[in-house]
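One structure is given here, and the rest of the page talks about it.
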């Protein structure tokens, strides 16, 4: 498969994921806004911080390294060994679930049962839900490796929507159930998610027409189960060693990704109510990152991993693939920078209004607006880091991954210390400031790698981080106008003033996007040729 074909598939996967996720996220957004008005801050804090951290830590430690290792390189491999390796995530998940469940029950502060009832049951069911989700890991990796458009997005989005509907129903009709509600909804979510993949592959492999359309390494659904009858090695040891390298890295990355939740959980720097407000703002602020940046990062990581050979020096890569990768990286960096700047500039003036609409006075008063404004700056760094790291992790050799682990170790330690100190100094906003510092260091590491990787070539993908002075001036002007608009029109003067404030923002946004269209011709051409073609191809499937 040529690099252009792989690029088209990656763009197709990303664009389809964006459209579907926007649709499903809007539905989920409305449901969550409804649910939020019936909950206390303490319940939200325990569920969204304490219990969700247990679930995310278990799944991340059990599968992240396997995903990265098994998605590296070509799809032409011994898939029975790869699938065997992926099934090891289940016993690993059982181990982490039991160990972390004991920590959550025995070593951490237990919430007041009168305020947050049934905490112990919540820990057990959230741990069980993590193990259930790991049962679908071989199906997920196979689908990602063969770029099955829409499957991942539909499965995850449908599961999230059904979980929100179930949660809303239980909150309305059985409000005294406490954590039973969210624990059952979480277990329901993971069960539906796994069933979506199992049902899809069962139907695909049982249909002769579908089998002919997709070149899959398996012919029956039972081929996806562990194979203990082989005479050869049970797993590919090269993949297993790469998995171990990624595991050491993923352990550190998890600390960096969820660092503020670990500090909140283990050091008790915020009460459960403040944790709840912080998490709601954090989820709202990261909504665009999950909608836009994550699908692009996941899809183009696969692209870079396929067109670049991990263990080869840059000078030994196929020159056509090497050039295409540089062009794509430059365009993605430009896209991430523009999207991040737009969110930062306009998010500052519309944070309080967004929180008031979403959660009422509980969010729009107090520290909520300051938290969301600071988070908008973090989103800019998050966007750039997603692109730089998806290339870096796809192009690094095993030895470079191991060396990077030492850097991540030092960064993890400094991040946790900085989070604790900044939170003591300036409250929950300190977590976001520490994340900005952490993300800045990670971006610097990745930029240095990319610079060295292309140093001996004529390609300069880091030029994607340069914007025209005219566009930067329009961003500054829009930020000033919307800031003045917020002072005079938002947010305690009624809906007519709010609508006027929104209108001002819409005009400034249109001016900014129009200027970007005129000044960034190279990026517009990339979006038209790749995402435009992928949209046409998607209609034909």
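Using N, Cα and C of the backbone, Cβ positions are placed for all residues, glycine too.
Since this is a predicted model, take the numbers as computed values, not measurements.
Sequence annotations record features per position, and here TrEMBL assigns transmembrane segment to 18-37 (among others).
If you look up TrEMBL, you'll see 43-62 (among others) marked as transmembrane segment.
Per TrEMBL, the feature transmembrane segment maps to 83-107 (among others).
TrEMBL lists 119-141 (among others) with the feature transmembrane segment. Long-range contacts of the transmembrane segment (119-141) within the same chain: residues 46-47, 51-52, 54-55, 58-59, 62-63, 66-67, 70-71, 82-83, 86-87, 89-90, 93-94, 96-98, 100-101, 104-105, 110-111, 113, 152, 179-180, 182-184, 186-187, 189-191, 193-194, 197-198, 200-201, 224, each at least 6 residues beyond the stretch ends and with a Cβ under 8 Å from a Cβ of the stretch.
Taken from TrEMBL, the feature transmembrane segment covers 153-174 (among others).
Here TrEMBL flags 180-202 (among others) as transmembrane segment. Distant neighbours of the transmembrane segment (180-202): 47, 51, 55, 118, 121-122, 124-126, 128-130, 132-133, 135-136, 139-140, 142-143, 151, 154-156, 158-160, 162-163, 166-167, 170-171, 174, 221, 224; these residues of the same chain sit at least 6 beyond its ends, with a Cβ under 8 Å from one of its Cβ atoms.
According to TrEMBL, the transmembrane segment annotation covers 322-350 (among others).
Residues 68, 72, 277-278, 281-282, 284-286, 288-289, 293-294, 296-298, 300-301, 304-305, 308, 310, 325, 329, 332-333, 335-337, 339-341, 343-344, 347-348, 351-352, 354-355, 401, 428-429, 432-433, 435-436, 439-440, 442-443, 445-447, 449-450, 465 of the same chain lie 6 or more positions beyond the ends of the transmembrane segment (370-394) yet place their CB under 8 Å from a CB of it. Here TrEMBL flags 370-394 (among others) as transmembrane segment.
As annotated by TrEMBL, transmembrane segment applies to 406-423 (among others).
Residues 256, 259-260, 263-264, 278, 329, 367, 370-371, 374-375, 377-378, 381-382, 384-385, 388-389, 391-392, 395-396, 400, 404, 407, 411, 415, 418-419, 421-423, 461-462 of the same chain lie 6 or more positions beyond the ends of the transmembrane segment (429-451) yet place their CB under 8 Å from a CB of it. The annotation transmembrane segment is assigned in TrEMBL to 429-451 (among others).
Same-chain residues lying 6 or more positions outside the transmembrane segment (463-484) and placing a CB less than 8 Å from one of its CB atoms are 329-334, 337-338, 341-342, 345-346, 348-350, 384, 504-505, 508-509, 511-512, 515-516, 519-520. What TrEMBL records for 463-484 (among others) is transmembrane segment.
The transmembrane segment feature in TrEMBL is assigned to 499-518 (among others). Same-chain residues lying 6+ beyond the ends of the transmembrane segment (499-518) with a Cβ under 8 Å from its Cβ atoms: 338, 342, 345-346, 349-350, 353, 470-471, 474-475, 477-478, 481-482, 485-486, 489-491, 524.
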